[in-house]
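Notes to accompany the following structure.
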Amino acid sequence: MSGRQWDESDVRIRPNKKGSRPRTKDRPKHEDATIGRVIGVDRGRYTTVVDEGTKTERTVLAMRARELRRQAVVPGDRVALVGDISGGQDALARLVRIEERSTLLRRSADDTDPVERAVVANADQVVVVVAAADPEPRPGFIDRTLVAAHDAGITPVLVITKADLREPTDLLETYVPLGLDVVVSRAGTGEIDENGSLPVDEEALSTLHGLLDGHVSALLGHSGVGKSTLVNALTGAGRATGGVNKVTGRGRHTSSSAIALKVPESPTGTWVVDTPGVRSFGLAHVDEQGVVDAFEDLVPATAECARGCTHAVDAPGCALDAWVEEGKAGPHGADRLASLRKLLASRVEASEDVKELGEHGA
Ligand SMILES: Nc1nc2c(ncn2[C@@H]2O[C@H](COP(=O)(O)OP(=O)(O)OP(=O)(O)O)[C@@H](O)[C@H]2O)c(=O)[nH]1
Ligand SMILES: [Zn+2]
């Protein structure tokens with residue numbers, strides 16, 4: 001999906017269906033448009049926040065202008081709005097432009113699906129949530145999201161929930177040495193709140209607040225890992241959830257699409273983007289080197305590999321096995337290598353299709 005804007009060069013090569021009306025009359029395009037941040041997407045309607053952090057902050061509902069209908073607009077996008085931007089009950093603005101994105105988190109449905117889907121725009125953090133137990137942690141999912149984050153130039157954070165059920169020793173041994181922030185959370189001692197949410201221990205919450213402050217963070221995790229519990233705790237549970245509903249005009253549980261939620265008491269611009277629909281991260285859009293690069297504990301070994309090494313199990317001259325055997329990738333190096341190889345192998349069938357489609361921009 002192209003995040004590129006509808007610029008003048010497109011105009012020139014496009015046949016002008018309306019006849020010979022000079023294009024210059026349309027320019028400059030929507031120079032006086034108001035910029036909003038997309039916080040929710042629901043059946044072609046975009047909920048945006050304008051004048052964020054000011055007295056006139058309000059939500060404005062918008063529809064995409066015709067010329068943008070083939071472009072994905074996702075939570076986190078900054079968009080230009082014209083028309084009725086009053087934010088009144090029946091007001092509907094027109095979304096005429098997607099501002100340049102600083103980052104775009106993407107995935108494909110699976111590793112053999114060449115169609116990329118935009119997930120979240122302008123996030124500078126990806127928070128991968130896994131449970132220490134119930135459901136069992138799946139390092140494959142963690143590694144995939146780390147690859148997607150690395151590819152998008154987004155800082156990853158790992159949150160391990162339910163440490164009250166099991167100490168996440170293996171996960172910590174594996175991921176802490178990689179240098180990413182790892183937060184361990186467990187059920188707190190307080191009461192279950194009015195949303196039915198379990199309390200989360202204060203220490204984990206305050207660490208998380210520190211990491212989230214001032215950032216736009218995309219939250220990813222399998223169903224049941226405690227993502228909603230965390231989101232409720234972070235966004236203030238009952239009281240703040242009410243506030244969130246006021247902002248979005250609907251309950252967060254009624255939608256299966258991604259939604260950006262404000263973190264109250266954090267500086268303006270602090271958002272968590274919940275992505276309930278995203279269960280897996282197909283990586284057809286990431287090239288082989290991009291996958292390898294996300295395994296920072298293994299990357300140094302590849303300098304010793306034979307030229308053009310595929311790093312597969314039977315690849316001649318692959319230096320990765322020796323690297324792991326020598327313990328240079330830590331106590332779980334063998335698992336890390338297996339995970340990398342699994343990811344590389346799952347993408348082999350996909351690569352031919354992707355090549356055929358050619359290179360597309362973000
Ligand atoms: N023991 C324990 N249970 C937890 C913890 N966090 C969440 N849970 C429970 O785990 C279950 C799933 O939590 P949710 O927050 O609904 O998980 P989710 O990831 O949002 O799952 P979906 O709503 O299906 O996407 C609930 O019963 C929570 O009360 C924790 O730290 N410890
Ligand atoms: Zn190799």
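Every residue gets a Cβ built from N, Cα and C, even glycine.
No curator has checked TrEMBL annotations; they are predicted automatically.
Taking all protein chains in view, 22 other C-beta atoms sit within 10 angstroms of the C-beta of THR229 (GTP binding site). For THR161, LYS162, ALA163, ASP164, GLY221, HIS222, SER223, GLY224, VAL225, GLY226, LYS227, SER228, THR229, the entry in TrEMBL reads GTP binding site.
Counted within 10 Å of its Cβ, the other Cβ atoms near CYS309 (Zn(2+) binding site) come to 16, all protein chains included. TrEMBL lists CYS305, CYS309, HIS311, CYS318 with the feature Zn(2+) binding site.
Annotation comment: TrEMBL describes 1-13 as compositional bias 'Basic and acidic residues'.
Residues annotated as domain 'CP-type G' in TrEMBL: 112-281.
Here TrEMBL flags 121-279 as domain 'EngC GTPase'.
Feature annotation from TrEMBL assigns region 'Disordered' to 1-30.
For ligand 1, the binding-site residues lying close by, meaning a CB under 6 A from one of its atoms, are SER223; the full candidate list was ALA163, SER223, HIS311, CYS318. Looking at the residues that bind GTP per the record, THR161, LYS162, ALA163, ASP164, GLY221, HIS222, SER223, GLY224, VAL225, GLY226, LYS227, SER228, THR229, the two CA atoms farthest apart are separated by 19 Å. Neighbour counts of Cβ atoms within 10 Å were compared across the binding-site residues THR161, SER223; the minimum falls on SER223. For CYS305 (Zn(2+) binding site), applying a Cβ distance below 8 Å and a minimum sequence separation of six or more within one chain yields HIS311, ALA315, GLY317, CYS318, ALA319, LEU320.
Under a cutoff of 8 A between CB atoms, and with a sequence separation of 6+ in the same chain, the neighbours of VAL225 (GTP binding site) are VAL129, VAL130, ALA131, PRO135, THR161, LYS162. For CYS309 (Zn(2+) binding site), the nearest neighbour among the listed binding-site residues (ALA163, GLY221, SER223, LYS227), judged by C-alpha distance, is GLY221.
Checking the binding-site residues ALA163, VAL225, LYS227, CYS305, CYS318 for a CB within less than 6 Å of any atom of ligand 2 leaves CYS305, CYS318, listed in sequence order.
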